[in-house]
Ligand code: GLN
């Protein structure tokens, strides 16, 4: 049976992740409610705006249930804003009262919008640990990881900083594989969820 993988659908590029997960062999579901969160084997947190998503997680009463499921070992994958939210600490977290809230699923410190205003968005081919050829990485106001804990494996780097990391069955990329036709990162996550990678 294929893994039931939810995509947090409060804000952001949900549809692209649903399509990529389906193509990678999972059963994709949207998650907006507590019952939906409870029903999935794993969760993808998409790109979007981490401050807005944090606000909506609170509004939808999902913040504590999501934290609890992550603490309980639910596998997760976050791209861009999703990577920011999975971190244990966020630098430049946003305006007071509207900050992005760390879910603390990966022992790392991320900086929001790390690549700076001049280079808001760019694309680069990166080597990616475990994949036999590079990935074409699309960065959009992307974060990077400034510190990773000892249990965190760095899978890809750009500008001297970690931009793809894995800790156990949790994965994060600062870039957006869901926006290219390459399904290998989602396939890796599906394998992680199913205990095959
Ligand atoms: N800069 C955004 C944030 O802080 C992330 C951008 C993205 O997800 N493409 O959340």
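Note that Cβ sites are derived from N, Cα and C of the backbone, with glycine treated the same way.
Noted in TrEMBL for the protein shown:
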type	residues	note
BINDING	48, 49, 50, 112, 140, 141	L-glutamine binding site
ACT_SITE	80	active site, nucleophile
ACT_SITE	176	active site, charge relay system
ACT_SITE	178	active site, charge relay system
> Nearest to residue 112 (L-glutamine binding site) by Cα, among 80, 176, 178 (active-site residues)?
Replying inline: 80
>> Name them in sequence order: residues not among 48, 49, 50, 112, 140, 141 whose Cβ is within 8 Å of the mean position of the Cβ atoms defining the L-glutamine site.
In response: 47, 51, 80, 81, 84, 113, 142, 143
> What number of additional C-beta atoms lies within 10 angstroms of the C-beta atom of residue 112 (L-glutamine binding site)?
Replying inline: 23
>> Just to be sure I understand the packing, how many Cβ atoms besides its own are within 10 Å of the Cβ of residue 48 (L-glutamine binding site)?
In response: 20
> Just checking the recorded positions 49, 50, 80, 140, 141: which sit within 10 A of residue 176 (active site, charge relay system), CA to CA?
Replying inline: 80, 140
> Here are the recorded positions: 49, 178. Which has the lowest count of other Cβ atoms within 10 Å?
Replying inline: 49
> By the DSSP assignment reduced to helix, strand and coil, which category contains residue 176 (active site, charge relay system)?
Replying inline: coil
> In DSSP terms, helix, strand or coil for residue 49 (L-glutamine binding site)?
Replying inline: coil
> Among 80, 140, all listed as recorded positions, which has the most CB atoms within 10 Å of its CB?
Replying inline: 80
> Per 10 Å Cβ neighbour count, which of the recorded positions 141, 176 ranks highest?
Replying inline: 176
> Using Cα coordinates, what distance in whole Å links residue 80 (active site, nucleophile) and residue 48 (L-glutamine binding site)?
Replying inline: 7
> For the L-glutamine binding residues given in the record (48, 49, 50, 112, 140, 141), what is the largest pairwise C-alpha separation in angstrom?
Replying inline: 13
